[in-house]
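First up is the structure itself, then whatever we jot down about it.
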Amino acid sequence: MTTSRGKENTGQGEKKDLFVEYTTDRRTGCYLSRFQVSCLILGNLFILCTAVALVAFVKKERVIYGTSMPDALCSCETPKPYANATLEYYYVKNQTASVTAWSENLVEVENTTLANGSVRQEKEETNVIPEEEVVAPAYEPWKTIRLSRDLLPLLYDIYLKVDLEKLTYRGSVDMYLNCTKNSRFIIFHISHLYYEKNSVRVVNNATSQDLEIVTQFRYVRNQFFVIELRSELSAGTVYRVSVGYYGYLHEDLRGIYLSKYVTPSGETRRLAATQLQSTDARKLFPCLDEPDMKAAFRLTLTYQEEYEAISNTPRKSECIENGWKTTTFQTTPIMSTYLLAIVISDFAHREVVLDNGYDIRVWSQPDKINQTEYAIGIISQCFKFFTEYFNITDVLNKTDHVAVPDFSGGAMENWGLVLYRETALLYEPGVSSSENKLMVTLIIAHEVAHTWFGNMVTMAWWDDLWLNEGFASLLMYFAMDAIYPEWNVFTLSVVAKEVFPVMVKDALTTSHPVSTPIATPDDIAESFDSISYSKGMAVLRMLMGFVGKEDFQKGLRMYVTKYKFQNAKMEQLWDTFSEAVDNQYDIRSVMTTWTRQMGYPVITMRAQADFFHLTQNRFLLDNNNETDVNGSSDSFTWVVPFTYITEDDDGVQLIWMNESSAVIPRTKDRWILANHEFIGFYRVNYEVSMWGKLAEQLHLNHSVFPEANRAGLIGDSFNLARAKLLHYDVALNMTTYLKHERGYAPWTAFMDSVEYIRSSISKSGAYVLMQKYLRDLVAPVYDSLDMTMEGVLPERYLRQIILKLACEVGHKRALKYAKEMFNRWMREGMTLPSDYSAVIYTVGVMEGGLEEWDYVWNRSQATNVAVEREMLMNALGQSQKPWLLWRYANWIFDPDRIRMQDVRMVISYLSKRPLGRMISLHLLMTKWDKLNEQFGFDNFLLREMIGEVTQFVNSEFEHNQLSTLFKDKPPKVARKETLNSLALIKANINWMNENYDVITKWLRNHVSGML
């Protein structure tokens, strides 16, 4: 196009142009002729019309349909910077070269931050097909989240070359698929992978004949890759689908990812590890990535020769050539895709071989190998226990357990290669506390239990995730109880640390059933929560309570034997249990009421003549909340195994409440204690007079009640009061005996219950009264204890929590002890008693300033014991200097200071005290965009952060701010948690309005020496 340019005019008048006339003056700037202006207007109109047509073309769905798979086609979940929607491709009428001639090449650039902070531009090329050639297909099987069962995988033959210098991986996969129904479509999963040009092939495995591919495209919404063939696949025939691909290693803790550690000499070392649960196998290799699409896996890895690779199965062969090592592994047993695992590192390992030849190895950074001794002993004992418990041996002949420096969860049960974060596997005597020892033992037992329940037998779909996690969470306590019977873990940990906390969450209208529908991949990620783990475990424990331990074990053995190498649904489990108990109970009818509906009942006991009448209602913390989208609370009923003992008879009685009311005999002027050992997943509300009799018995001789029930009385009464079903003075009266209590569980139940009150009133005058009441309770207990490291675990646990509470409420003797110990540690290098070191660090930071804070931070970075680092980092969050806390909070965005796996812990540490809670809430609201951008893809991090930060918020102003924030900018994988938090805040507001005056009055009547 020709344009005209005028020469600079100095006021000499008009100048003729060949096409148009224009005038100029002395104003500076850009001079345009009328013709140029007209061209600009017409050009802009043309661009606008083109843009409108293009928007109309791409608006329908985020999906690509194309005639070929060009070079470097990337499956990425996030929208690209250049557009709000992915280009759409539909089938073309005439699939010939003439159509391709219409194409333009489009390069899509995605900026990816590397480990060193530089930016790599990743290109995605594809072809644009003219809109007039588009024809929408009539049959679109890729529109549903679930794969069809027309093709079932038999074997994946995977080759992968991992370059830990360039941070790339390149591979190929041959998928051997059995056709069960004639079809022209092949659909499998992909995510964050680039495809090699012309690498996709479909071959008849029997005849080696290639099948002609008509179209191939990706459907981003469901992370699908779709192939349409010219001719149909034949049922009963095996086909080989081959794909070449490559990808990049990132520090995102998903799929195959980069991790790093620093050696004692200061050298940074790299490693590659995998985390594929729940839907990230597709990020490692193209596959049919659903739990019931089980197959065998044959894996070959190539990597730099200075590293060593391990996978699910033992090494089959290995060779080295030109600085690269190639390892081929034995074929795995039939298993789900999410259980495949790889670690490529320079780690050291410790090894033991059991009498039956089973090989156990534990891996860690070389300078931490001494911290693996405890773990390998527990792993050995757990495998022996579960092999005998199930009467089934592991089909593999080895297991590797690896402490990974960066890991998103606590651990992952990959069959034959279990991965842990370091604090979950490593234990250092003299540094790690007794609590750390318990947690390491529990997590190891949990992961080993998955060998049978999860790996051999797997849930059919993610809506029954709780079958995997609930059973593993219960079975780990079986192993613990067998290995350490003196620990009393069912009371110490199950009731106090699992059941009580999850009952609070499950009492919200925004809870969900343990078996919950899954509609999107994000729903899968959100199902990994305490409802699946802890409530799943609790209802299974209740099942064991009424069928008995022997029949429970019998049912599990029958189930694993029957469905070994298969997938099973919840109903199949219940039917197996009914068979195990000779149909004495209709297990399916009973347990469905606990797994298909959310929440749990409160059983109300009312005396009438010679009987107690029992009625059930759904227990809700906030009965005023009208946001329950899951139906009226009146429609919820359960089949309840109601147990009780009486003052005259300590024999346990069982009566069934079959979704209705019931009656039991009444003895006048005698107490009755329900839910023996707190095995049932329900609360009990007595008449006020009965609560008085139970409180009186606690004062006379509290040991008459089992420790779990003493804890249960405190937990039930405070939660009933919180729900306005009981007066707070009744609940508080249940605590006055505690100065005589030496059991861990009741004190834990009390501290958890009263923490809600303390946090709610922390900005009011009643807080001083509460601190004084707690000091009066805990002082005689603290003064009666010696701060030694002797005794069984429950005794050591008690000393820890009593010291912690005594310091929190300002007991002078406890504070003096902690401050003296901190100063000796800081000034003299004294080794602290490991059970109390966390409290001592915290007191030192709370009472200190910048010098103490910086010293603790530097020690946290210098230690090679992960547990010690966590204790030190926890203490840093307890400072009472706002600027130090704000600095610490902002460091979560700096991976050089806070590893991504530690971010949620730092937020948890900050949220433990009033000042820290204010700062963490401010961080959440002011840095929400940055939090979502940096951590929004993590399945756990943002969800747990929201819960921690908002759990004690109780003002309308903050509720409205958060509600607007969550509505305008919803997080990707934490939607349910935002609803939970808003519902809880509403309940908090109502609680404050209704209970503050009552509690203040009770405290004034029970605290001496206060105005």
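Every residue, even glycine, has its Cβ placed from backbone N, Cα and C.
Please treat TrEMBL annotations as automatic predictions, because they have not gone through curation.
Keep in mind that this is a model prediction, so the values were computed, not measured.
Quick look at what TrEMBL annotates:
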DOMAIN    153-339  domain 'Aminopeptidase N-like N-terminal'
DOMAIN    374-594  domain 'Peptidase M1 membrane alanine aminopeptidase'
BINDING   His446, His450, Glu469  Zn(2+) binding site
ACT_SITE  Glu447  active site, proton acceptor
SITE      Tyr533  site 'Transition state stabilizer'
DOMAIN    671-986  domain 'ERAP1-like C-terminal'
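Positions of TrEMBL features highlighted on the structure.
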{"residue": "His446", "record": "Zn(2+) binding site", "Cβ neighbours (10 Å)": "27"}
{"residue": "Glu447", "record": "active site, proton acceptor", "Cβ neighbours (10 Å)": "26"}
{"residue": "His450", "record": "Zn(2+) binding site", "Cβ neighbours (10 Å)": "25"}
{"residue": "Glu469", "record": "Zn(2+) binding site", "Cβ neighbours (10 Å)": "27"}
{"residue": "Tyr533", "record": "site 'Transition state stabilizer'", "Cβ neighbours (10 Å)": "21"}
Cα-Cα separation of His446 (Zn(2+) binding site) and Tyr533 (site 'Transition state stabilizer'), in Å?
11
For Tyr533 (site 'Transition state stabilizer'), which of these recorded positions sit within 10 Å, Cα to Cα: Glu447, His450, Glu469?
Glu469
Length of the line joining the Cα atoms of the residue listed as 'active site, proton acceptor' and Glu469 (Zn(2+) binding site), in Å
10
Average the pLDDT scores across the domain 'Aminopeptidase N-like N-terminal' (153-339) and report the rounded value.
96
Name them in sequence order: residues not among His446, His450, Glu469 whose Cβ is within 8 Å of the mean position of the Cβ atoms defining the Zn(2+) site.
Glu413, Glu447, Ala449, Phe453, Gly454, Asn468, Phe471, Ala472, Ser473, Leu475, Met476, Tyr533
